[in-house]
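Novice: Quick one: structure below, then a few questions.
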Amino acid sequence: CPVNYYGRGCVHRCLCQNGGKCDSRDGHCFCLPGFTGSRCESVCPQGTFGHMCLQKCQCGSENICNPRTGECNALFCRGDPKCLAEQERRFTYVTLCPEGYYGPPRCRQKCMCVNNAQCDPLSGRCLCHSGHVGRYCEKSCERGWYGPGCIHRCECHDEGPCDTRTGDCICRMGMTGKLCDQECPEGRYGQNCTEICQCKNGARCNKVTGCCSCPVGYYGSTCQFRKEKKNVELRKYMTRCLFLAWKLECRPFTYGFYCSETCNCSTETSDGCDSKTGKCRCKSGFYGDRCEKSCPSGQWGEECINQCDCNGSSCDSQTGTCICSPGRTGLQCEQECPTNTFGVGCKPCLCQSFELCDVVTGECQCPTGWKGDACQFPATANGPDIPERGDMYKKDS
């Protein structure tokens, strides 16, 4: 039988939910870890997890485990029934919601988190990675701060900047050390003192540019020539060294005449700054003085100057690729999901016989005379029907 069909002639559609597979002979469902029920419609009961929910959680009486993996949750509810119920719901939505969507009803709400932040599957609250803050984790830490919530102050020398995630100091040219509090040792210069000076005859080497300061009686770019005449013009070498300093290609996140200034830009959302002015160069999808802001919804690209062309759906803030809303498909989300499909990515509907489902939610729309989650049961006229989940009926007066 084709995928999702079973029985003689393969005319019956499988009713397995949540990624379960069915036996092509009788339609029996084989559930993924974390699910149970004849149609894999239920999450493992509290305290169990894994294949067929046969494994016991090892999290203690005051904790709940992930129904798929058995991983203990981070929130200790201390026996509070409301807290336990909410945690169970949260793990349910962790299991059921597709990536990028959250919470009731039916995982239809789209997460707004940026910078790879995690989205709480129940509430949609953004859980920011180290170095970012804001309602949607759209802001980088201000200069001088780092870490989760940007609550830690950088400890770098002379109030220098640090990596917004780790707190590692970012040294300006000519400085080194864990706190950037040490000048380059003799014979070294540049970013993190990685360059080797070429000065000769006892000349001093500039810690930033590597330019040589010649002792009396010597000249040349490396002080390699001995001055034999009093009228030798030294200005051209001094001018050349200053020219080299101005033309110096600064390392990332430094700028200024000797590349001695540090760019006040986000290290994650920018490509550093202009070597002369210090103006931040934002990566595609970001803007702001420090490139700390993500493009507003509906905009994308460098400086967020492009408009999404996705027929009402959103797009990737860096590439402009459309991210279709549930029930839509196509390069520009210009099409409705084909018949018998629904939701994000147009997944197959589970409706049987008449195969009519809501393109957004996947809810089956049963014709008159049929009932059940998948419209799989005939509504007989003889005797009272047994109500099924999803039935609509009028109570007799």
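The backbone N, Cα and C atoms fix where each Cβ goes, glycine too.
As annotated by TrEMBL, disulfide bond applies to CYS31-CYS40, CYS324-CYS333. The domain 'EGF-like' annotation in TrEMBL covers 11-41, 300-334.
A description of the local structural setting of each listed feature is requested, covering burial, neighbours and distances.
Specialist: CYS31 (disulfide bond) is surrounded by 23 other CB atoms, counting those within 10 A of its CB over all protein chains shown.
There are 21 other CB atoms within 10 A of the CB of CYS333 (disulfide bond), with all protein chains counted.
Remote same-chain residues near the domain 'EGF-like' (11-41) are listed as 1, 4-5, 49-53, 66-69, 95-96, 350-352, 355, 373-374, 376 (criterion: CB distance under 8 Å, separation of at least six residues from the stretch ends).
Per DSSP, the domain 'EGF-like' (300-334) is made up of 3 helix, 9 strand, 23 coil.
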Novice: Grab the same-chain neighbours of the domain 'EGF-like' (300-334) for me: Cβ-Cβ under 8 Å, and only residues 6 or more beyond its ends, written as numbers and ranges.
Specialist: 100-101, 108, 110, 114, 282-287, 294, 342-346, 358-361
Novice: Looking only at the domain 'EGF-like' (11-41), how are its residues distributed among DSSP helix, strand and coil?
Specialist: 0 helix, 8 strand, 23 coil
Novice: Tell me the Cα distance separating CYS40 (disulfide bond) from CYS324 (disulfide bond), rounded to the nearest angstrom.
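Specialist: Roughly 27 Å, rounded to the nearest whole number.
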Novice: For the domain 'EGF-like' (300-334), would you mind checking the mean pLDDT of the predicted model?
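Specialist: Here the mean pLDDT over the domain 'EGF-like' (300-334) amounts to 89.
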Novice: How many whole Å apart are the CA atoms of CYS40 (disulfide bond) and CYS333 (disulfide bond)?
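Specialist: Cα-Cα distance, CYS40 (disulfide bond) to CYS333 (disulfide bond): 31 Å.
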Novice: How many neighbouring Cβ atoms, not counting its own, are there within 10 Å of the Cβ of CYS40 (disulfide bond)?
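Specialist: CYS40 (disulfide bond) is surrounded by 21 other Cβ atoms within 10 Å.
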